[in-house]
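> If you scroll down you'll find the structure; I have some questions about it.
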Amino acid sequence: MHDNTYLPDHFLRHIAAIMPAHLSMDEFVASCRRPLRRSIRVNTLKISVAAFVARMQPLGWQLDPVPWCDTGFWLSREDESVPLGNTAEHLSGLFYIQEASSMLPVTALFACEQTRRDGMLLDAAAAPGSKTTQIAALMNNQGMLVANEYSSSRLKVLSANLQRCGVTNVGMTHFDAKVFGQWLPETFDAILLDAPCSGEGSVRKDEDALRNWSIESIDEIAAVQQGLLESAFHALKPGGVLVYSTCTLSLQENQAVCQSLLDKFGAAFSFDSLADLFPAAEQACTPEGYLHVWPQIFDSEGFFVARLRKHYSVPNTMFKPGKLGKFPFLPLPAKESEPMLREIEAAFGVVPQGNLFGRSEEIWLFPQRFEQVQGKLRFDRIGLKLAETFKKGYRLTHEWALAYGDGASKGFVELGIADAREFMMGRDVWPEQAAGTGEVIVRYQGHTLGMGKWVGSRVKNALPRELVRDNNLFV
């Protein structure tokens, strides 16, 4: 029990006034004081669910399915000597540590047949990346996903999680999400707006989440949310799908925000009922068809999810194209890109998918739909950095290895557990297999740890310094 969880009386009175009649305040308080169950989501860009379960169950991992996400599991481990975030499987991007309720919005987005997996999608408030990587996995790295984050301090962790999970179809931006309705009207096939909120549903992982809670602050946040939702609606194509979600409980930030959009544009869209989204979803369904997940219903965080479909265009008084600086990349000429791609295929048996662009001594792989937003939006990062060039050639990057290394049919070395430990500690290794030449993908149990280079019978370690770990990562 978290007996120190801060639940102020004025907050509890507020909740009691909106709690559905069939739910108990005593159970609500008790659930808020219980530790949150640990949950993870398998990253199917790297491994199938069946293969992940087969790999981890012999290590004493008990995986109980999350009913609303077919790649999500509640987790308990027999051996917790290695912190979950420091396991080799996590660092290789095989799974993402994600609260179970937060898997719901993306499930709702992709449960709609109108959501194009190869289309142009927007995650309007993306960091730290749990839902962004979930979307990218369901897109199978096809199309393009714009991942926007307003907080500059959270961009680095978003980028790191995208690289770790092998995501290649994302362009990262750093704006107040209200600009999308202004700059990119009717551009996106599907949008997730997991809006900034008061976080009332997150007390089980942060006992001080409500330390500064007040009705006044909720009203201020709700006004911001209304502006974000209206802008996202303008950025959505007719026929497109939008999911609005929060990790809070108050009606002002949830139902009332949805109602504000209905009041303005109700004839142009409709909300879907999510009562059949998963077995037992009706337990959290509101009369409007939204999901209002109270923490005691599914023993999870509190969450809210609503899904709408846009039927018609609406007048957009927001439209105002953004001012962009000079784009620092140039398309790589075919005489340079084609030989490079042939060399990569010859060496590793895999062909990077996308368009090659160059900047200074860098070669980048951009998503295939990038041209649809080129010149309309300033990006902090697009796709993945494929290689760094020098006088005598180029050097493939660690992030390329994480994205494509598992699919390589040659040009890789498989390490045993002892050598894998050494490699993740930043040390060179002497594999048992016959030595090769040049760059080599380093794998353990079929999954990529990083890049190395053959020097005689030794593989020289090329792990980025920030990924070197002094402790054992293998159970």
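Residue 1 is the first one shown; counting continues down the chain.
Each residue, glycine too, has its Cβ placed from N, Cα and C.
What Swiss-Prot lists as S-adenosyl-L-methionine binding site is Ala125, Ala126, Ala127, Pro128, Gly129, Ser130, Lys131, Glu149, Asp176, Asp194, and the listing cites sequence analysis. Summarising the annotation, Swiss-Prot assigns active site, nucleophile to Cys247.
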> Calculate the distance in Å between the alpha carbons (Cα) of Gly129 (S-adenosyl-L-methionine binding site) and Cys247 (active site, nucleophile), and round it to a whole number.
15
> Looking only at Ala125, Ala126, Ala127, Pro128, Gly129, Ser130, Lys131, Glu149, Asp176, Asp194, which the record lists for S-adenosyl-L-methionine, tell me the maximum pairwise CA distance in angstrom.
20
> Around Asp176 (S-adenosyl-L-methionine binding site), which residues of its chain at least 6 apart sit with Cβ under 8 Å of its Cβ?
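Set apart from Asp176 (S-adenosyl-L-methionine binding site) by at least 6 residues yet with Cβ under 8 Å, we have Tyr150.
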> In terms of Cα spacing, which of the binding-site residues Ala125, Ala127, Lys131 are within 10 angstroms of the residue listed as 'active site, nucleophile'?
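None, since no candidate lies within 10 Å.
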> What are the non-local neighbours of Ala125 (S-adenosyl-L-methionine binding site), defined as same-chain residues 6+ apart in sequence with CB under 8 A from its CB?
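When sequence neighbours closer than 6 are ignored, Ala125 (S-adenosyl-L-methionine binding site) has Asn148, Glu149, Tyr150, Ala177, Leu193, Asp194, Ala195, Pro196, Leu228 within Cβ distance under 8 Å.
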> Tell me, how many other CB atoms lie within 10 A of the CB of Gly129 (S-adenosyl-L-methionine binding site), whichever protein chain they belong to?
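That number is 28.
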> Could you say whether, by DSSP, Ala127 (S-adenosyl-L-methionine binding site) belongs to a helix, a strand or a coil region?
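In the DSSP reduction, Ala127 (S-adenosyl-L-methionine binding site) maps to coil.
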> Write out the long-range same-chain contacts of Ala127 (S-adenosyl-L-methionine binding site), meaning residues 6 or more apart in sequence whose Cβ is under 8 Å from its Cβ.
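Spatial neighbours, sequence-distant, of Ala127 (S-adenosyl-L-methionine binding site): Glu149, Ser151, Arg154, Leu155, Val157, Leu158.
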> Give the number of CB atoms, excluding that of Lys131 (S-adenosyl-L-methionine binding site) itself, located within 10 Å of its CB.
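Other Cβ atoms within 10 Å of Lys131 (S-adenosyl-L-methionine binding site): 26.
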> Give me the count of other Cβ atoms within 10 A of the Cβ belonging to the residue listed as 'active site, nucleophile'.
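The residue listed as 'active site, nucleophile': 25 neighbouring Cβ atoms within 10 Å.
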